[in-house]
Each structure stands twice: as C-alpha cells, then as structure tokens.
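Per TrEMBL, the features are:
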{"type": "REGION", "residues": "18-48", "note": "region 'Disordered'"}
{"type": "TRANSMEM", "residues": "72-88", "note": "transmembrane segment"}
{"type": "DOMAIN", "residues": "94-247", "note": "domain 'Sodium/calcium exchanger membrane region'"}
{"type": "TRANSMEM", "residues": "158-181", "note": "transmembrane segment"}
{"type": "TRANSMEM", "residues": "193-215", "note": "transmembrane segment"}
{"type": "TRANSMEM", "residues": "227-247", "note": "transmembrane segment"}
{"type": "TRANSMEM", "residues": "283-305", "note": "transmembrane segment"}
{"type": "DOMAIN", "residues": "283-425", "note": "domain 'Sodium/calcium exchanger membrane region'"}
{"type": "TRANSMEM", "residues": "311-328", "note": "transmembrane segment"}
{"type": "TRANSMEM", "residues": "349-374", "note": "transmembrane segment"}
{"type": "TRANSMEM", "residues": "380-401", "note": "transmembrane segment"}
{"type": "TRANSMEM", "residues": "408-429", "note": "transmembrane segment"}
Amino acid sequence: MATDGADYRRLLHGRQNSHQAPVDGADGFEDDNLAAPQSPPHNIGVRPQRDLGSADWGVFGSMKIVLFKSKLNLLIPCGFLAILIDYTSQNQGWVFPLSLLGIIPLAERLGFATEQLGLFTGRTAGGLLNATFGNATELVISIHALRSGKLRVVQQSLLGSILSNTLLVLGCAFFGGGLACGKTEQAFRKEDAVLNSGLLLMAVMGLVSPAMLYYTHTEVNLGQSALALSRFSSCIMLVAYAAFIYFELSNSRRRDEASEGGGGDQGDDDYEYAYPEISKWEAIAWLAIFTAWISVFSDFLVNAIEGAAKAWKIPIAFISTVLLPIVGNAAEHASAVMFAVKDKLDISLGVAIGSSTQISMFVIPFSVVAGWMMGQPMDLNFHLFETASLLITVLVVAFLLQDGTSNCFKGLMLILCYLIVAASFYVYADPNIDGV
C-alpha cells in the first residue's frame with residue numbers, strides 16, 4: 001500500500017544516513033541508537049528533538065542536498081534545452097524526449113521533498129502526503145493535456161501508468177527479488193495485495209460501464225448518458241478512495257499503538273531514529289518549486305506529442321501508453337525493484353500496486369471532474385481496446401497475488417505480458433486520433 005511504501009522509504013533513508021560521516025553531535029546520536037531497544041519511544045512517529053538539530057540546514061546546505069546529491073539531476077538541463085529548441089526551431093522530435101528527460105529528476109526530487117516533509121509530520125500524516133504527491137507528475141501532465149483538449153492523451157497516459165506499474169514494475173520486482181535473494185519464493189502481506197486488487201477491479205467496473213453504453217448504443221440520451229454516468233461514477237470512486245485512505249491510516253495508527261505496547265520491531269525503531277536532511281519549510285518550498293517546473297516542462301511535453309509521433313513515425317497511442325509512463329516514472333520503478341532485491345517485497349507492492357490503485361481510483365476520476373469544471377467532455381469511456389487491456393491485466397495480476405507469494409517465474413510472466421501489451425499498442429490505430 002502507498003502509505004507503507006512511504007514509511008519504509010523514509011526508514012531506508014535513515015539507515016543510509018546512519019553510515020555517513022558524523023557531523024556535530026553525531027556521536028551522541030549513535031549512542032542513543034544503540035540504547036533504543038532498551039528504552040523504546042512512547043510516541044511513534046513523533047520526531048525526537050535531538051534529531052532535528054543534527055541536520056546541516058540553511059539555504060546553501062539545502063541546495064547542496066537537494067540539487068547535487070542525486071545523479072539524476074544531471075538530466076535537469078534537458079528540460080531547459082527543450083524550451084530553447086521549441087522557441088528556436090520548434091523541432092518537436094527533439095522537444096518531446098528532452099522534456100521527458102527533464103521531468104524524470106524533478107519527479108524523483110519531488111518524492112524526496114515529500115518524504116522529508118513527512119519526517120516532521122509523523123507516520124500517519126506522512127503517509128497521507130505520499131498519497132497526495134505520489135503521482136503528482138501524472139496529475140500535472142493530465143491537467144495540461146485537458147487544457148489542450150487532448151482527452152485521449154490523458155486517458156492513454158493514465159492507463160499506461162497502471163499497465164506499467166502492475167505488469168512491468170511488479171514483474172521486474174518479482175524477477176529481480178527472486179534472483180537476488182536466492183529464494184524459491186518470497187512472501188508478502190496477502191491482505192494488502194487483495195485489498196488493492198479489489199480496488200483495481202472496482203476501477204475497471206467504473207470504466208467498463210460507460211464503454212458498454214457507448215458500444216451497445218443503449219444510451220438514453222445519445223452521447224450524453226455515458227458522460228453523465230462517468231461523472232457520477234468518478235465522484236463515487238473519489239469517495240471510495242477517500243474511505244480507503246482513512247481505513248489505511250487508521251490501521252497504520254493501530255499498528256503503531258500495538259508496536260508501542262509490545263516494544264515495537266526493528267522497522268519502527270529505524271523509522272523513529274531516521275532524521276530529516278532539510279527543514280520543514282525548506283521541504284515545502286522545494287515541493288512548490290519542483291511542482292512548478294514539472295508543470296512548465298509538462299506543457300512543452302504535451303504540445304510536442306503529435307509532432308514527435310510524426311517525426312518518429314510511431315503511433316500517438318504508443319507514446320502515450322508506453323513511453324510516457326515508463327520514462328516519467330523511471331525513478332519510482334527503480335525503487336520498487338531495489339526494495340524487492342533487498343527482500344522487502346511489501347514495499348515493492350506498495351510502490352507498484354499502491355501507485356496503480358491511486359491512479360485508477362483518484363487521478364482518473366479527478367481528471368474527469370477537472371475536465372467537467374474546465375468544460376471538457378472527459379469521461380471514463382476509455383474505448384474497447386484500452387478497457388479490455390486493463391481488464392485482462394488486472395485479472396492476471398489479481399490471480400498471481402492471491403496466494404501471497406512471488407517467484408522468478410511469476411515475474412517473468414508479468415514482464416512478458418507487458419511486452420505483449422506494449423506491442424499491441426504499437427500496431428494499434430486509434431480511431432479517435434483526430435480528437436486528440
């Protein structure tokens with residue numbers, strides 16, 4: 001689930017920092033870590049005051065950590081180069097890939113700033129922050145595409161994010177985890193996987209109904225009933241997702257209380273003693289900065305899709321469904337595989353399946369509601385080919401997750417399934433391409 005994924009990423013971040021060269025006061029910090037199992041904290045998720053003073057904060061310190069710590073930031077100039085090319089030559093064949101490369105590090109740093117802010121708010125609120133900003137990149141791209149009237153780009157890019165997360169990312173995690181850990185099978189929390197699979201099936205139900213009305217020509221008001229049903233279903237899906245978030249946060253709080261009463265486990269101790277690298281207000285400022293720049297690059301990205309499709313001679317459907325999700329979520333995909341290799345499969349599921357749940361139950365219906373407010377006829381009718389691909393994908397993943405175990409062969413199956421889906425979109429002639 002998404003909240004657990006954020007918690008453990010913060011946990012891992014604290015582990016990595018514990019091996020760095022000590023700063024002022026670091027000796028006392030290490031001694032406290034050694035004594036933690038004998039005297040567990042009483043407020044899980046509340047930041048110890050001594051941790052907050054151990055970070056080297058300040059404008060220049062914050063810029064050094066945020067801008068120079070990640071090697072992916074070397075790709076940021078690609079976004080500015082895309083803007084320059086667009087204003088000078090308008091070569092969309094170059095503007096599109098450069099914009100895409102420029103968004104990758106910004107999306108990764110957006111996640112970093114979210115995790116840093118979550119360390120000040122505690123486990124529960126941190127999980128909610130992760131749920132809010134986890135797919136901010138997809139949401140920003142969708143809003144720009146809606147404003148431009150590119151409704152099919154919105155639909156196909158969000159569909160592609162679900163397909164890549166549930167098939168490619170999860171498949172690579174299963175496959176890589178099985179090889180690296182040397183285990184015949186890896187185990188994960190079946191309850192969480194089943195709950196997320198159920199939400200994915202609910203999302204498919206929301207997409208199937210408008211498509212059936214459209215293709216069976218059984219609308220009461222031709223061209224209007226499916227749109228009205230989509231808007232109603234989107235509101236219901238948003239309510240269901242809000243209830244899901246409340247349910248998950250309540251369960252997380254209960255688990256924290258149970259861990260506190262029983263002495264906690266190593267994961268809780270590690271999370272408790274992870275410390276932020278930047279201050280709270282710096283994290284908020286960086287969130288605003290990265291979101292703004294993602295919005296700027298996304299505008300150029302969306303406007304260059306058609307030109308790139310003509311320059312590269314590949315379908316817009318393939319660009320929207322395959323290239324955008326894979327490259328746009330590259331950092332998130334890598335983290336899911338990394339956690340599986342470290343035998344932390346629950347976290348991988350939280351990243352892959354949790355992200356798919358968030359897109360299907362929040363981002364897609366939110367796009368419908370946003371289009372409604374903009375006067376755009378965005379609906380849940382993703383058309384027959386896309387809806388069938390999503391339905392089969394969700395069924396395959398649900399069957400593979402129902403026993404609570406994974407292995408290399410399951411991972412290979414998911415990867416091969418994704419290759420079939422990607423190839424099918426490469427040869428797919430979208431009949432509604434003129435409406436993009």
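Every residue gets a Cβ built from N, Cα and C, even glycine.
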Counting only pairs 6 or more apart in sequence, are there at least 3 Cβ pairs under 8 Å between the transmembrane segment (158-181) and the transmembrane segment (283-305)? no
Give the nonlocal contacts of the transmembrane segment (380-401) in its own chain as ranges (CB under 8 Å, at least six residues past its ends). 155-156, 159, 162-163, 166-167, 170, 190, 193-194, 197, 200-201, 204, 206-211, 213-215, 226, 229-230, 233-234, 321, 349, 353, 364-365, 368, 410, 413-414, 417, 421, 424, 428, 431-432
For the transmembrane segment (227-247), the distant same-chain contacts (Cβ-Cβ under 8 Å, at least six residues beyond its ends) come to 128, 131, 195, 199, 202-203, 206, 209-210, 213, 221, 357-358, 361-362, 364-366, 368-369, 372, 377-381
Taking contact to mean 3 or more CB pairs closer than 8 A (sequence separation of 6 or more), are the transmembrane segment (349-374) and the transmembrane segment (193-215) in contact? yes
Chain residues outside the transmembrane segment (311-328) and at least six past its termini with a C-beta under 8 angstroms from it: 91-93, 96, 100-101, 103-104, 107, 137-138, 141, 152-153, 156-157, 159-161, 163-165, 168, 305, 386, 422, 425-430, 433, 436
Sequence-remote partners of the transmembrane segment (283-305) [C-beta within less than 8 Å, at least six residues beyond its ends]: 62, 66, 79, 82-83, 86, 92, 95-96, 99-100, 102-103, 106-107, 109-110, 113-114, 116-117, 120, 133, 136-137, 140-141, 144-145, 148, 150, 153, 276, 316, 319-320, 436
Across the domain 'Sodium/calcium exchanger membrane region' (283-425), DSSP yields 121 helix, 2 strand, 20 coil
